[in-house]
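Okay, so here's the structure we're looking at.
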Amino acid sequence: MARLLPPTGTSVFRRFTPESLVEIERLIQEKSTREELEGAEEEPQAPSSDLEAGKCLPMIYGDPPGDLLNTPLEDIDPFYKTQKTFIVISKGNTIFRFSSEPAMFCISPFSIVRRGAIKILIHSLFSMFIMITILSNCVFMTMSNPPAWSKTVEYVFTGIYTFEATVKVLSRGFCIGPFTFLRDPWNWLDFMVISMAYVTEFVDLGNVSALRTFRVLRALKTITVIPGLKTIVGALIQSVKKMIDVMILTIFALAVFALIGLQLFMGNLRQKCIRWPILNSTIFDVYNSNMVNDTTLNVTDTFDFKAYINNEENQYFLEGSLDALLCGNSSDAGRCPEGYTCMKAGRNPNYGYTSYDNFGWAFLALFRLMTQDFWENLFQLTLRAAGKTYMIFFVVVIFLGSFYLINLILAVVAMAYDEQNEATLAEARDKEEEFQRLLEQLKNQETGSKASLASQKTQSRGSNRTGSLHDLADEDVIKDCNGRIVPRLIVNRVSSNKELSAEEDQKSLSSKHSMQYLDQPKLSKRTASALSVLTATMEGLEDAQRPCPPGWYKFADMFLKWDCCAPWILFKKWVHFVVMDPFVDLGITICIVLNTLFMAMEHYPMSPHFEHVLSVGNLVFTGIFTAEMVFKLIAMDPYYYFQVGWNIFDSIIVTLSLVELGLANVQGLSVLRSFRLLRVFKLAKSWPTLNMLIKIIGNSVGALGNLTLVLAIIVFIFAVVGMQLFGKSYKDCVCKISEDCELPRWHMNDFFHSFLIVFRILCGEWIETMWDCMEVAGASMCLIVFMMVMVIGNLVVLNLFLALLLSSFSGDNLSGGDDDGEMNNLQIAIGRITRGIDWVKALVASMVQRILGKKPDNTKEEGEGDIELYALNHLDEGKMADGLTNCLSPTLTVPIARCESDVEEDEDSESSDEEDAKATLNDGDSSVCSTVDYQPPEPEPEPEEVEEEEPEPEEPEACFTEGCIRRCACLSVDITEGWGKKWWNLRRTCFTIVEHDYFETFIIFMILLSSGALAFEDINIERRRVIKTILEYADKVFTYIFIVEMLLKWVAYGFKTYFTNAWCWLDFLIVDVSLVSLTANLMGYSELGAIKSLRTLRALRPLRALSRFEGMRVVVNALVGAIPSIFNVLLVCLIFWLIFSIMGVNLFAGKFYHCINTTTEERIPMDVVNNKSDCMALMYTNEVRWVNVKVNYDNVGLGYLSLLQIATFKGWMDIMYAAVDSREVDEQPSYEINLYMYLYFVIFIIFGSFFTLNLFIGVIIDNFNQQKSKFGGKDIFMTEEQKKYYNAMKKLGAKKRPKPIPRPSNIIQGLVFDFISKQFFDIFIMVLICLNMVTMMIETDDQSAEKEYVLYQINLVFIVVFTSECVLKLFALRQYFFTIGWNVFDFVVVILSIAGLMLSDIIEKYFVSPTLFRVIRLARIGRVLRLIRGAKGIRTLLFALMMSLPALFNIGLLLFLIMFIFSIFGMSNFAYVKKQAGIDDIFNFETFGGSIICLFEITTSAGWDGLLLPILNSGPPDCDPDFENPGTDVRGNCGNPGMGIMFFCSYIIMSFLVVVNMYIAIILENFNNAQEESGDPLCEDDFDMFDETWEKFDVDATQFIEYDRLFDFVDALQEPLRIAKPNRLKLISMDIPIVNGDKIHSQDILLAVTREVLGDTIEMDAMKESIEAKFIMNNPTSASFEPIITTLRRKEEERAAIAVQRIYRRHLLKRAIRYACFMRRSKRKVRNPNDNEPPETEGLIARKMNTLYGSNPELAMALELETRPMRPNSQPPKPSQVTQTRASVTFPRPQGQLILPVELTSEVILRSAPITHSLNSSENATTIKESIV
């Protein structure tokens, strides 16, 4: 920032007068004249970013004088000095910039009207008035039924907006010139709003409600009024711009997947179970006879087949389902019940909107799948209709589409935010530097003692400013009312002595850290006089620290500092001593934990006694916390007490607790009890991770201020738009979506419900509400609105939220904790306790030794221990004086302490002892932190790595540890002779066996076989006796093999090595389970419950594969490293959720019960059944039940389950409906009676779900980055082999540039080669591919035969065209065709297309397999993928995916392993549960395939609520324990609720929260890497482009072009290598080598243009080596070329020649003049002494040389000039006249080239160039010279 420092003070502000305008016009004229003279424009300046319109005036300018405020002033930005602008500065020092042109062509800037308008416009009250108007207007817009007088109010609003626009137009002008009304895009919004208001008022445009929606844009006006919002909207727009590539790729991928879906599943979702055969036998006979005779039914027949199958009464419906049951005709599809057959009939599911019948609906289905909204429904419908095999399609779409592309959007938004953040920080740093330079300048101006004081003040303030940049946002800093940091010295002082001594005064002045001295009265007066110059410039810095009004100090001294008398001060000291003791802190923490436990023990139903105990407990805890607050107030004084954040927090909670006790019996205020829960947050004081989480949320919410406002505006706008557009439709067409014609829960008829729908869309749930909307209001408008909310709100703004959250994580904050070297009081107390226990142990040990008569030899240590204990206790007493602040504000008080110790060196040495003791304590007890916060160990090699790095031992190690051998001498064996030698030989043999590769391979094979065997033990095993017997024997064999393996390893490795390896332990435990199970079977105890449950643990067998497969092992190692951090966050999340769970119990316990009709499962209305007793009375006469919602808030455990369902948005609707309908305990719920309970769920979703679940992504990414840096930046998810693949992929990315394909010598081939090499040909083929894609999109399920025929013919044409293209390329490119990857791809696609065309006929005729037919048709979609070839951005993203593949494969393996294990568990435990909710004949745990399908669904957290519900059935009447399962002895269809909840929760945490987030972490990292590579100035595409352009200039592939064509070639390149014409000078200066024949080599040109882009950097050197190496590799046989000259050298030679010519021509001119003079004197007979000889000799010599050595035009001209007769009386022309005279002379060279025209000037300068240029008198000499050069 090399800008000159602007002048300080107010002298820069000058009124804008007519003279100022004249001066601007003069400067503009001067600038244009200068440009004309110099012939080139000046470097464009940029306006100062500090002086932009809308920003505050920088403090360096000071405050403008009052009379210059709100007055037009001359522009202070140098950039605008030559532009017609002026500025006005408002009272808040905000800059406004206006055009000085007359507004509307008539109102000059000096007009009273315009000045008045400007004053109104910039006044803060005007902005406030407009803001209030907009907010009021927004309130009126939310009214669904506005009152009659609202029309008048509407006119008022329109009038106000018109007035605002008029003021703006009068003050700024309308649209001509800068800074006018329409030049600001935000004003377009105003213009549109006002125009629409008048248009709708005066022109009848029909649909009024639709036009009223335009009014909602007024809400966007808030963005124009609030300054910070414009910035954040700018950032959003930037992120959207950056998302274009990802968006294109996403849409392209969606289109491809939609086409695949269209081909595979077209029409499948209409296959329903139809009642068949028809009961009426006659109709059936008619139908049957017609079918047999192969004729269709006659229209006159009575039986209407179409009407029959479309009649819903003939279709099979499941209980409670809105759509008929789907089915399929393939073997693994859904089956129909008896009496029904599968036919295509009726409409598609979900009002007909879920289908693949045409491209549009298929695209919507795939978008829904990609955004994972209710995709389990689509998954279940498709698999039921098409078959389970098609799960593969969903796996690909979920992993590629949902996990990869959706997270790419997150990556792009995060990147855009980071860039924005970087730019902001850079700007702040620049300002800081400029400010510091200014301070230096100001300091230099000051002299004497005043100057020194001033500089001290400046430094102090400057340091404050620097600190503010790196503020840690800690709430724990102790500040006084001025906002200044209060030193400990003052906080802890309780004596009445308030004056500093002179010595202390001096010390405090000498310390730069103490900031108190400037506030002392005498000093501040002197300083003020010294700083009078700086007052204006420094004022901005004091904003944050403005002192309180003087009255407050008196008030504080009198009432807030309790220092009344000596006894009170003594009492206060004692209270301080007790309250600040670490043990009191420990006690309070224990009370907080106990209080939390007491609150968590509330449940329904509770016995009165238990309720009483909890009530008393609450009173006790409230008393304890109140007492703590009171004592702290006494100890610290209110003045200092309320300067600690935690104390304020405590006081608020205590006050609320006391208020709640007082209002305990008031109805409706029970919610106050919830505030007690906030005490849990007090744990954050002593729990760093919780503290850190709260800080992250705090920082994010702080940073999100503006973004939250933008999101609120978006939500508001869309809620109002929805209400205005669709509200009436919901009311009028409600019967379409509701059986009882009542409004459903989700509608847009009023603002609140409309807001809830928009919020639900932001949560990612949009499809179900959109179906309702489309049904009542039409598809098109609903699609547009819902998609806009989804894309803008969810994908952009919410991802920006997440990006902010991720950016809140810094390096080690989750694992390192608060490593500030100080411990909190809790740690000190625990340290004391442990030391006390150690001391007691030592005491007991010494007493025992004395009793036994041994003399203790540790007297010295004991003495030292006493000293240490004394020192530590003494230290603790010292710390008590520090109080609570010691652990709250360590980072800010350390420097102060250091300064004090510097000046107080002569104090008692006791303090230094304390310091030493303190240091010892901190070092020794750092482990206390590690129990809470995992700290990664120093980078030591892990066991596996050690094995890899060090040579493995050739012989077995010792069996036992040295300790064992010392204690048991018999374990020591001599291995040199006897039994010992035999034992040693046996061990060596075993060692050789287990180390052999064959043994390891065999064991892996056995593990895979035994795991595979488990998959067969499904529900059908009892019916397959043979398989069951085989599996039983196999199980025994596997067990024996694994036991033998374990014994071999014991003998080979020894117990020491075996049992110190974690993987061996895993093997040992799994073998033990098999062993116990086998033993129990042999003894006949296999039916025991314990043994049965133990048998399920066999599912862990596949875990043994972990250590054998390196790919999985590296992922598990990385995961194990992350477990402490993940566990930490999980614990913090559980604490966070505990608050919401307890609150839920307080609000909803026992209130979810309701009375239902057991036959219809519907709730009985409240007017029939009011409460539980009414229901019980009905129970004896009717089929009714008083039931609870299965997932509820009756206790904290169930509350947690409810919150997990809400956080994953699965099953949350039922919970929310129950909450909103709830009344009181034992009362029948009523529809939406408790409407605002929705807010509980909204708040939890924001804080509990959004923040905490996304925290997992943050912690995983953060932890893996740490591990990566620990291992030196290596990828921790890849094996060594995979790293080789990764590097190979990287090399492929930077592949060598192919050698240009030589043009064939054959004429016809050459013509074809030229044709296919043209860009037009590529564009033509791309257009055809797009058209082909369009024709595929046109296909529909119910298309006519004609349409099908036409599409078939079109497809035929495309196949012919693409085949022709392939043949042409093969013909022209010869063998080189297959050297290009894309050509091979095209070739394969063409072959497949032809094969598909031929096979489709054969399949249709001979094999009726529609599935196979469809799969073959997919080959056509391959053509679409060719489009990728043309898109650089998309290739980058796909390359990032290719780079991610090895790591993703490893994670996929781990995920499959987890799914495998859990599916075996599921088969063991949940195979026989009742089929209801999410469990049916396809989705269940009966077989391994079904289990895998269910678990794949849950991997994305989808549908787990439906699978859990049947498992929660624990007994009658929900399920039947005696239910007989056919084909097996197992009875009952009840679930196991405890096991089910554990199973699903653990799987969701492991897969959805951990493994899937690892997947996301890898994608983000690889995307960043790919972006960094593509963000390089040059990439491989640029070099490819260079080659393509080169081929056009060097058709014969000689690798050379002529020097004259160089300039055209470089101009023909694309950015960034292109150098546009005129480029002659630039290229000449590049010093490019030229070889014989005036030719230049391609490599030299490439190096030159590359250097131009990269500059002389290290990258350039590397690039040069790479290019040269590749060239040598590509052209091993090419002849070497030696440059004879370079472009720059040639130019220098030309210049030298011209210089010589110029000198010589001057000499000739002088000669000619002398000759003329000689001739004249001769005629006049006047002789000169020197005129002995005529001066023509040189001319004669030159003429002779010209004759001998060829024609030289310059010389010829000179000679001609020399011999041309001159008039005797002619005067030599003036230089200016000669300059304006031009002549164009062209002379032929001997080689036949044209030479340059000669330009005649006063110096007779003759220049040459390779082109002929005709000069005319109007052209500027300088311009022509430059163009020639």
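Any Cβ shown, glycine's included, is placed from N, Cα and C.
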Residue from Asn280, Asn706 to which Swiss-Prot assigns N-linked glycosylation site: Asn280
Topology question: in Swiss-Prot, are Lys241 and Gly1540 both on one face of the membrane? no
Based on the record in Swiss-Prot, give the one of Cys1519, Cys1545 in a disulfide bond with Cys1534. Cys1519
Stated Swiss-Prot location of transmembrane segment, expressed as one of 613-632, 1173-1192, 1593-1612: 613-632
Hey, which of Asn293, Asn813, Asn1820 does Swiss-Prot call N-linked glycosylation site? Asn293
Taking residues 6+ outside the transmembrane segment (125-143), which of them lie with a CB under 8 Å of any CB in it? 150, 153-154, 157, 160-161, 164, 167, 215-216, 218-219, 221-222, 225-226, 716, 719-720, 723-724, 751
In the same chain, who gets a Cβ under 8 Å from the topological domain 'Extracellular' (772-782) while lying at least 6 residues past its ends? 351, 353, 725-726, 729-730, 732-734, 736-737, 744, 746-748
For the transmembrane segment (783-801), give me same-chain residues lying six or more residues beyond its boundaries with a C-beta closer than 8 angstroms to one of its C-beta atoms, as numbers and ranges. 235-236, 239-240, 243, 364, 371, 406, 409-410, 413-414, 417, 700, 704, 707, 710-711, 714-715, 718, 721-722, 725-726, 758, 761-762, 764, 766, 769-770, 773-774, 1250
Tertiary contacts of the transmembrane segment (647-666) (same chain, 6+ residues out, Cβ under 8 Å): 619, 622, 625-626, 628-629, 632, 636, 641, 672-673, 675-676, 678-679, 681-682, 884
When pLDDT is averaged across the topological domain 'Cytoplasmic' (1049-1062), the result is 86
May I ask for the residues of the chain that lie six or more residues beyond the topological domain 'Extracellular' (1466-1487) and have a Cβ under 8 Å from a Cβ within it? 334-335, 376, 380, 383-384, 388, 1017-1020, 1095-1096, 1099, 1493-1495, 1497, 1503, 1505-1511, 1513, 1518-1520, 1523, 1525, 1528, 1530, 1532-1536, 1539-1540, 1543
Same chain, outside the topological domain 'Extracellular' (1511-1540) by at least 6, Cβ under 8 Å from its Cβ: which residues? 1019-1020, 1022-1023, 1158, 1185, 1190-1191, 1469-1474
Per the Cβ filter (under 8 Å) with a sequence gap of at least 6 from its ends, the topological domain 'Cytoplasmic' (227-245) is approached by 54, 186, 409, 412-413, 415-417, 419-420, 705-707, 709-710, 713, 796-797, 800, 1433-1434, 1436-1437
